[in-house]
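Inspection log for the structure reproduced underneath, given as structure tokens.
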Amino acid sequence: MSSTESAGRTADKSPRQQVDRLLVGLRWRRLEEPLGFIKVLQWLFAIFAFGSCGSYSGETGAMVRCNNEAKDVSSIIVAFGYPFRLHRIQYEMPLCDEESSSKTMHLMGDFSAPAEFFVTLGIFSFFYTMAALVIYLRFHNLYTENKRFPLVDFCVTVSFTFFWLVAAAAWGKGLTDVKGATRPSSLTAAMSVCHGEEAVCSAGATPSMGLANISVLFGFINFFLWAGNCWFVFKETPWHGQGQGQDQDQDQDQGQGPSQESAAEQGAVEKQ
């Protein structure tokens, strides 16, 4: 019994020891520095950005009353969401005649390009920041000794900064178009039955765009985070060291110049 218990204890300790060794090797102080702290914020806000946009869903609608009779009121409810291919979303328009009861209609517009680009960029930002944090915390010596890693990190950071600006602006414009296409007034304007005398149309459910608006805000927050992080990543590159070295050399040359001139003047005075 004692041998089996000891074997079980050693088996339980071995995974814990491996986890402890892994945690001990991490350089947690990197998270207190701007380079690591901003990476954590980028990781979080990337989740907020693609999560709020990719999970959005809303409803729009209208009311159609045939022959001005309350008993013939038809309620139209149209659900839509990411990726906002509205032209594929169907709804039934009631017809106020005896020949047919309804007609299949579609919403107008395809706004999937800016929405999918926004979500895709958020997912790539999530994975890159997670990989960068692993390198910062676990392989910090490799990051500081090998100058290629800071250069690659700087180039990628600049690229993500540009892409976040484009994605946030494009999705903001796309969201404005989505709002215009999903208004109840746009729905009634597209239905021919609402333009005749046989029916009276009114606005129905108005879509709530709060989550979509927040996604645009998260997009611009990501842009500012990546733009601000460019400086801190640049300080890790050899380009920043070269610039400081040149400035120090210029200061030394300027400091030596007047001293040499004063020494020459003193020598001339002594000869006289």
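Each Cβ is built from the backbone N, Cα and C atoms, and glycine gets one as well.
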### Query
If we trust Swiss-Prot, are N141 and P238 on matching sides of the membrane?
yes
### Query
So what's near the topological domain 'Vesicular' (172-213) in sequence-distant terms, Cβ-Cβ under 8 Å and 6+ beyond its ends?
52-53, 55-56, 58-68, 75-78, 80, 84, 86, 93-97, 105, 107-109, 111, 113-115, 219
### Query
10 Å Cβ neighbour count around N213 (N-linked glycosylation site)?
15
